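A short write-up of the structure that comes next.
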Amino acid sequence: MGNTKSSALSKELLEELKSNTKYTEAELCTWYQSFLKECPSGRISKQQFEGIYASFFPDADPTAYARHVFRSFDTNADGTLDFKEYIVALHLTSGGKTLQKLEWAFGLYDVDGNGTISKNEIQEIVRSIFNMIPAEAQKKLPEDENTPEKRAEKIWAFFGKKENDKISEGEFIQGVMDNKDILRLIQYDEPQKIKDKLKEKKHI
C-alpha cells in the first residue's frame with residue numbers, strides 16, 4: 001500500500017481493522033503512531049518481535065515460542081509483521097473469539113504449514129512453551145504433565161491418535177472446544193500478560 005509508512009492510517013485499513021477486531025478508531029490511530037515510532041519502516045522484524053518477548057522473560061528462554069508465534073502471524077511469509085498483522089495478533093491473543101483463537105492455535109501447531117498437525121509438531125510447540133516456564137513453576141506442575149514429553153503425550157492421547165497419525169484443523173478445533181483441559185494444555189497464559197503490557201506501552 002502506498003501509505004504504509006505515512007503517519008496516518010488509510011481509511012480502508014482502518015475500516016477493515018475496526019470491523020475485524022474489538023478496537024476503536026482512536027485506539028488504532030494511537031497505536032499506529034506508536035508503531036511507527038518504534039518501527040519507522042512500518043514493519044516489525046522477527047528479531048524485534050523476539051526481543052519484545054525476551055524483555056518479559058528475563059528468567060526463561062522465549063525465543064523458540066516467539067519464533068513460532070511470529071510465523072503464525074506473518075501471513076504473507078515475508079519475515080516481517082506490518083501494522084495489520086500486528087493488530088490482528090494483538091486482537092487474537094488478547095480478546096478474539098474462541099473459534100478465531102483456535103484457528104490461530106492450529107496454525108501455531110502446524111509448524112510446516114501442511115494443513116495437519118503431527119505428534120512431533122505438538123512436541124515442538126510444547127517444548128517451546130516449557131522453555132518459558134521457570135524451573136520452580138515446572139516443579140509444581142501435575143506429575144503427568146511436568147515435562148514437554150508428558151504434556152505432548154497427554155494431548156495426543158486425548159485425540160486418540162496413533163504415533164504416526166495426523167490431526168486435521170476440524171478435529172483440532174472440535175476437540176479443544178469439547179474439552180477445556182486440552183485448551184489449558186495447548187496454550188500458555190503468559191503471552192496474555194505480554195499483550196497487556198504491550199497495550200499499556202502503546203498508550204505512552
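Including glycine, each Cβ sits where the backbone N, Cα and C put it.
The following features are taken from TrEMBL:
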type: DOMAIN; residues: 61-96; note: domain 'EF-hand'
type: DOMAIN; residues: 97-132; note: domain 'EF-hand'
- Message: Using Cβ atoms and a strict cutoff of less than 8 Å, what residues sit near the domain 'EF-hand' (61-96) while being 6 or more residues removed from its termini?
- Response: 4, 9, 13, 16-17, 20-23, 28, 31-32, 35, 42-46, 49-50, 52-54, 104, 107-108, 111, 124-125, 127-129, 131-132, 188, 191-192, 195-196, 198-199
- Reported in the order helix, strand, coil, what are the DSSP residue counts of the domain 'EF-hand' (97-132)? 24 helix, 2 strand, 10 coil
- In the domain 'EF-hand' (61-96), averaged pLDDT is 86
- Query: Where DSSP helix means H, G or I and strand means E or B, what are the helix, strand and coil counts for the domain 'EF-hand' (61-96)?
  - Reply: 23 helix, 3 strand, 10 coil
